[in-house]
Amino acid sequence: MTTQQAAAPLSSIVIVGGGTAGWMTAAAISRMVAAGISVQLIESDQIGTVGVGEATIPSLRDFNLALGINENEFLRAVQGTFKLGIEFSNWGNVGERYIHPFGKYGRKTHGIDFHQIWLKQKHRGGQADPGPIDDYSISIAAARNGRFSRPVANPDAILSALNYAYHIDAGRYAQYLRDYAEDRGVKRIEGKIISVEQAPDSGNITAVKLEDGSLVDGDFFVDCSGFRSLLLGETLGVPYISWQHWLPCDRAFAVPSAPSGRPRPYTRAMAEDSGWRWNIPLQHRTGNGHVFSSAHGDEDTALRKLADGMEGQAIGEPRLLRFVAGRREKLWEKNCLAIGLSGGFIEPLESTSIHLIQSGIFRLMALFPDAGFDPVEIREYNRWLIEEYEHIRDFIILHYRATERSNTDFWKYCQTMEIPDSLAAKIELWRGKGRIFPAGNSLFTEESWIAVLLGQNIIPHSVDPVTAMLPPEATDRFMQQLQTIIDQAAQSLPSHADYILANCQAEK
Ligand SMILES: Cc1cc2nc3c(=O)[nH]c(=O)nc-3n(C[C@H](O)[C@H](O)[C@H](O)COP(=O)(O)OP(=O)(O)OC[C@H]3O[C@@H](n4cnc5c(N)ncnc54)[C@H](O)[C@@H]3O)c2cc1C
């Protein structure tokens, strides 16, 4: 066994790209590790950013907390609203809908997981039939009633089971973080990179050259250059692994519209003939988009469906975005780490991209390098992030595979496509007795898997044998009382619009 010699600390970091990924990285580095390190961020107004990315998941709260950001101030700055989950309509079957909530379902009794109790009642049937599991979630009850409040701390109260994320204007979030990072010493450089220089021996990146001829050098480069992957992909040649055979959607039209009515406290994902549409309500506008597979549907039809489904007047022209689901073979190579779209992309069905940015940043902090760039640490970073990407990939594929729709070629393809073994094993285990065990660093908990599996009609054949100890009549009463408590608690909450008005209304 060899003992590693400590190498010199980093003296300069260059972040390439000023989209959500670039500014989140800059803000985090400026807050957590920047003492004595020069941090420069290069971005090009001429190239611009991808300009979408409005729906988030609850983990963004941890990121903002780590930065010491005040939540109400942040929501005012980004025209934010609260998000209790995602409503999926027409996914299992045309005409069906369910919500994937962020909070928990029901509560345990006799130490038994709630979904097993629900399943037991479902199998008993008749009078005991519990109805949809959605009826036992406080987040769903609040969402359906257009109500919101932050969760209470008392773990015995049903309102402690609420959990939430945000809908944000991503451009304003990047601007907010830019101010934050610049206040803490990050230097922004405006300019277009035209070439990248590497050390002849190690292949490490040494500098990037801008259009005006200037060179920006550094010890460590964070590639936040978007889909182009200027450093990791183009310069270091790290290949892209495509998941298009599992996730065939490869195009999206996006367009904002004027707000129509009071903002819903949830995102909507509406399945269409060759993809799906999103609806994301912010304070000042609604984000709309249509994600589709170009192998199964044409652009004109996608555009028409987007326009037909919109509730408010469009603001501007729809923009077409092209992508291929997948990831780079490695996210960190030599002295270059890719964060954001430069490292990979999974379509926005569960709003996971900003989470992957944040996860990459937190892992970077945990494995922050010195100038030695220890390959063992780089390997560990790649292992962790790749695992996380693949867990998310499997969860997204589940939405497509677990469909009973066969009304178009797209859905026929999804219903019959081969799926990763890891996902097939999960579904098989679930079908037996309703058991689901997400892996250690999986973003999506048991509750999330249950939401989609049951929401899309995969009902286990049997139940956990431990439910035999549940006394039938007491269980009936428990379920009824729970429903009543949830309904009453949801009704007691303020409307989402009033809550925003009282706490975080943006200036007009
Ligand atoms: C259709 C769609 C919908 C999405 N919806 C969501 C969502 O709801 N929720 C979510 O979490 N995520 C969503 N995402 C993902 C999200 O938009 C991105 O993860 C996020 O915006 C981060 O992008 P980025 O910073 O990596 O890249 P970009 O925004 O593309 O930024 C790249 C930066 O690199 C700079 N750059 C590139 N080349 C050069 C060069 N040569 N010289 C100088 N600068 C350069 C650009 O100027 C820009 O500043 C969505 C993505 C798509 C495609």
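Backbone N, Cα and C atoms are what each Cβ position is placed from, and that goes for glycine too.
The FAD binding site annotation in TrEMBL covers GLY18, GLY19, THR20, ALA21, LEU341, GLU350, ILE354. Counting every protein chain shown, the number of other Cβ atoms lying within 10 Å of the Cβ of ALA21 (FAD binding site) is 32.
According to DSSP, LYS83 (7-chloro-L-tryptophan binding site) is assigned to a strand segment. Spatially close to LYS83 (7-chloro-L-tryptophan binding site) yet at least six residues away along the chain are ALA55, THR56, PHE102, TYR164, ALA165, TYR166, HIS167, PRO265, TYR266, THR267, judged by Cβ distances under 8 angstroms. Residues annotated as 7-chloro-L-tryptophan binding site in TrEMBL: LYS83.
Look at TrEMBL and you will find LYS83 tagged as active site.
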Check your understanding: What is the total of other Cβ atoms whose distance to the Cβ of THR20 (FAD binding site) is within 10 Å?
Key -> 28
Practice item. Consider only the binding-site residues GLY18, LYS83, GLU350: which of them have a Cβ under 6 Å from an atom of ligand 1? Write none if no residue does. Key: GLY18
Revision key, fill the gap. Within 10 angstroms of the C-beta of GLY18 (FAD binding site), the count of other C-beta atoms across all shown chains comes to 27
Revision key, fill the gap. THR20 (FAD binding site) -> DSSP, reduced to three states, gives helix
Check your understanding: What span in Å does the FAD site cover, taken as the longest CA to CA distance among GLY18, GLY19, THR20, ALA21, LEU341, GLU350, ILE354?
Key -> 24
Review point. By the DSSP assignment reduced to helix, strand and coil, which category contains GLU350 (FAD binding site)?
Key: helix
